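Have a look at the structure below before the remarks.
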Amino acid sequence: MTIRVGVVGAAGRMGAEVCRAVAAADDLELVAAVDPHHAGVAVREATGVDTDLTLAGDLDALVDAGAEVVVEFTGPSAVGANLRWLLEHDLHAVVGATGIDEADLTVARELAEARPANALIAPNFAIGAVLLMQFAAEAARYLPHVEIIELHHDRKVDAPSGTALRTAELIADARAEIPDAPLGDDRHPGARGAAHADVRVHSVRLPGLVAHEEVIFGGTGQTLTLRHDSIDRTSFMPGVLLGCRKVASLDGLVVGLEHVL
Ligand SMILES: NC(=O)C1=CN([C@@H]2O[C@H](COP(=O)(O)OP(=O)(O)OC[C@H]3O[C@@H](n4cnc5c(N)ncnc54)[C@H](OP(=O)(O)O)[C@@H]3O)[C@@H](O)[C@H]2O)C=CC1
Ligand SMILES: O=C(O)C1=N[C@H](C(=O)O)C[C@H](O)C1
């Protein structure tokens, strides 16, 4: 039995990659692709997938096409409303877009509890990044002094990255104390990064980068550096496909790919 998959944000860097990955998977079928600003464009042209589908302008196309699972890769300004719509229409959601706010997350959690559809939200679908977050949480138990540097391509709209925010939260949950992160003589605001969950996060945006994160721990006479590099967006695809296969068996809404590994 194949799973019928729709993609929202299908003309974007990640959405197009997801369309290609879904179309290439034997057990998944690409049945709809939505991207309002590119409606009417052939999916073949936007993604290279061998299909007669056309990019749809609104989410109703997902229902019309009989999608069972929908992959959401739009961005911070659209993801909250889209996720709500998907759950209200009983469509399982695999969400990669970052920047969903707390209020939208609460609504989505309640909907996923109340209705038959589930949601998997993963700030990062690359297995290496998931492991980096787990290793960072483990290290923070012993080395509470830590800062994060995330580095991304220059077209990324949000900063800090969703992965960096999640890493900071996992570190905050794991470490027993909140050590000082001195600002020093902070002559240029921002020079010491931004604090999230009491962890300093620094964001770099440059052409040539894809998605990278370093977590640097400091201790007496030593440092420990954990680093992950996505050098291509295909790095996220095994995680996204796994999410498509597992989301129906989840219970409500979960955050983090680790829950389906
Ligand atoms: N979880 C993970 O593993 C990963 C997450 N991401 C996240 O995925 C998101 C997308 O990244 P990326 O592909 O690089 O961004 P892009 O800007 O390339 O793609 C986003 C696409 O969504 C479209 N879009 C905007 N609004 C809507 C809407 N309301 N409905 C449907 N489509 C819409 C955009 O249209 P237009 O071009 O006209 O704006 C664009 O085509 C970001 O939040 C990023 O942080 C990225 C990589 C991995
Ligand atoms: O925009 C991106 O590219 C990425 N976004 C996600 C994030 O904000 O963490 C995941 C990955 O870092 C790539």
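In case you wondered, yes, glycine gets a Cβ from its N, Cα and C as well.
Listed by TrEMBL as binding NAD(+) are Gly9, Ala10, Ala11, Gly12, Arg13, Met14, Gly96, Ala97, Thr98, Ala122, Pro123, Asn124, Phe125; the candidate from Asp35, Asp64, Asp154 that the record includes in that site is Asp35. Computed over the domain 'Dihydrodipicolinate reductase N-terminal' (3-125), the whole-number mean pLDDT of the model equals 98. Excluding His153, Gly162, Thr163, which define the (S)-2,3,4,5-tetrahydrodipicolinate site, the same chain contributes Thr98, Pro123, Asn124, Glu150, His152, Lys156, Asp158, Ser161, Ala164, Ala211, Glu213 within 8 Å (Cβ to the Cβ centroid), listed in sequence order.
Ranking the recorded positions Ala11, Arg13, Arg44, Asn124, His152 by the distance of their Cα atoms from the Cα of Thr163 ((S)-2,3,4,5-tetrahydrodipicolinate binding site) places Asn124 first.
Among the binding-site residues Ala11, Asn124, His153, residues whose Cβ is positioned under 6 Å from ligand 1 are identified as Ala11, Asn124. Secondary structure at Asp35 (NAD(+) binding site), as computed by DSSP, is coil. Taken residue by residue, the domain 'Dihydrodipicolinate reductase N-terminal' (3-125) breaks down under DSSP into 48 helix, 27 strand, 48 coil.
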